[in-house]
Amino acid sequence: MVCLFENLMNMIKYSIYILPLIILIVLSISIKKDVQRVHIIIQSLKLTLIVIMIVIGIEESIYVKLNGHLIKTELIKLFEYLLLGVSYMIIKMFEEGVTEGKKTKITDEGLILIYSSIIGMLISMEAHNLITLFLSLEISSICFYILALNKNSRKGIEGGLKYYIIGGIATTILLLGIVSIYKSTGSLMYTDLLVIVMENTDDYRIQMGIALIVLGLILKLGIAPFHGWLIDVYEGAGMLMTFYLTITQKLVTLMVLINLYQNLIIYTNAIMFTNGLIILILVTLVVGTIGSLRQQKLIRFIAYSAIVNSALLILMLAGSMSEELMVNSVYYLINYIIGLTVLMSLIMGFLRLNDRGTIEDIYQLKNMWVINMFGAIVYILVLMYLAGLPPMTNFISKILILLPYMVLGRVYLTMLAFFLSVGVMIYYMNLVKIIIIDKVQTHEQGVAELEITSKPTKGGRRIVLGVMWLIFSQLYLDEILNVIKVIVALI
């Protein structure tokens with residue numbers, strides 16, 4: 001009887017992903033009116049995400065399912081909550097765009113693809129088998145290729161094709177690494193590989209396979225020098241889709257790398273892996289900082305900023321994955337997600353141009369201080385937070401990430417990261433100068449007038465809650481870090 005009940009519960013857990021997808025497809029076919037169809041699908045998708053979060057919350061802390069192919073820990077549950085929360089906010093922003101008739105409108109096919117990518121990413125985080133990891137990553141990647149392809153824009157088509165080509169190369173490298181490990185060990189399960197790797201720490205085929213898998217994941221993440229395609233993809237995909245791709249890719253890739261490190265990499269020649277990773281991190285920090293300093297388009301600046309933040313997030317892998325580094329990195333990731341969410345809410349729901357378009361170029365921020373001082377102050381606070389200026393919370397989270405490397409003896413890495421952070425701050429301060437000081441001259445052509453709204457139903461709540469976190473969360477820093485530490489200790 002107990003076994004029957006467990007099987008029934010497992011069927012419910014597995015079907016919670018598939019049944020909503022079938023329902024969404026049926027709704028997209030059966031409802032004829034476009035606006036009504038998209039609205040119903042959005043509401044169904046929001047409800048589905050809430051149900052999935054509830055199911056994840058009532059699951060056991062640590063358990064294995066599907067005969068060891070998937071595993072769930074408290075850290076994985078935290079990352080899944082972050083993924084579902086970000087996805088819910090993205091769907092909400094798309095809903096606001098559909099309601100107001102903005103350029104952020106999305107089709108029913110796009111919503112189904114977003115949900116399909118969420119399924120793939122959830123499975124990727126829980127994957128405890130290399131072939132399961134590969135297939136789940138491909139599910140989300142195929143959806144990303146189509147979502148990034150904006151057929152109404154030349155840059156969107158170009159970026160989508162680049163994403164597809166680079167994604168294919170990354171997939172090939174990833175699959176080659178899996179084949180190399182399977183040829184050497186005869187298994188794809190993490191538990192089996194763990195025993196074999198501990199007995200054969202110097203097997204070059206295992207080391208090469210792990211290196212290829214990590215390289216494929218880094219290529220998908222856009223770490224320098226494999227970053228050029230990422231900028232064009234984000235510019236063509238649009239602001240909201242850039243937000244979705246930026247956050248979700250970081251969450252999934254970081255969780256997959258953590259799983260790989262704890263189950264495989266830590267028992268191999270970790271020194272070689274660490275040295276190679278440090279070189280990539282240093283190159284990424286330099287390229288991301290220099291690239292962001294010369295950007296005039298807001299979305300390209302966000303893309304370069306995302307590259308820098310990716311380097312800071314994978315720093316914990318170069319620090320032997322100590323508990324302190326993991327806790328601080330997760331805290332930094334949460335701060336980054338909240339800061340970027342507030343920035344996107346400002347751009348999409350609070351700041352817009354009078355022609356009902358969204359802000360795309362930096363110069364369009366001119367006169368904001370004159371038009372609406374309150375909106376300008378909020379925008380400046382968010383920019384200062386993302387720049388990591390004291391006393392903002394993001395400054396503390398950066399300090400928490402970098403200082404442990406002083407103890408580990410990697411002073412050069414810490415000092416270079418601090419130096420490059422100052423370079424990024426200079427650009428953020430230039431944005432503040434544009435908002436407060438610069439004024440639109442009468443002879444400038446093509447400068448649309450900025451309109452600032454303060455409707456609480458259009459992103460206002462997200463902005464208020466986000467700004468409160470940016471300013472006041474440091475008052476409860478010890479409590480927040482202790483909660484994260486408990487979660488990390490349970491993996």
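In case you wondered, yes, glycine gets a Cβ from its N, Cα and C as well.
These features come from Swiss-Prot:
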- 11-31: transmembrane segment (TRANSMEM)
- 38-58: transmembrane segment (TRANSMEM)
- 74-94: transmembrane segment (TRANSMEM)
- 106-126: transmembrane segment (TRANSMEM)
- 129-149: transmembrane segment (TRANSMEM)
- 161-181: transmembrane segment (TRANSMEM)
- 210-230: transmembrane segment (TRANSMEM)
- 238-258: transmembrane segment (TRANSMEM)
- 270-290: transmembrane segment (TRANSMEM)
- 330-350: transmembrane segment (TRANSMEM)
- 375-395: transmembrane segment (TRANSMEM)
- 411-433: transmembrane segment (TRANSMEM)
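The transmembrane segment (74-94) makes no contact with the transmembrane segment (375-395), as judged by fewer than three Cβ pairs under 8 Å among residues 6 or more apart in sequence.
With pairs at least 6 apart in sequence, the transmembrane segment (238-258) and the transmembrane segment (330-350) have 3 or more Cβ pairs within the 8 Å limit; the two touch. Highest Cβ pair count under 8 Å relative to the transmembrane segment (106-126), across stretches 38-58, 161-181, 210-230, 375-395: 38-58.
In this chain, the transmembrane segment (38-58) does not touch the transmembrane segment (129-149); fewer than three CB pairs sit within less than 8 A of each other, excluding pairs fewer than 6 residues apart.
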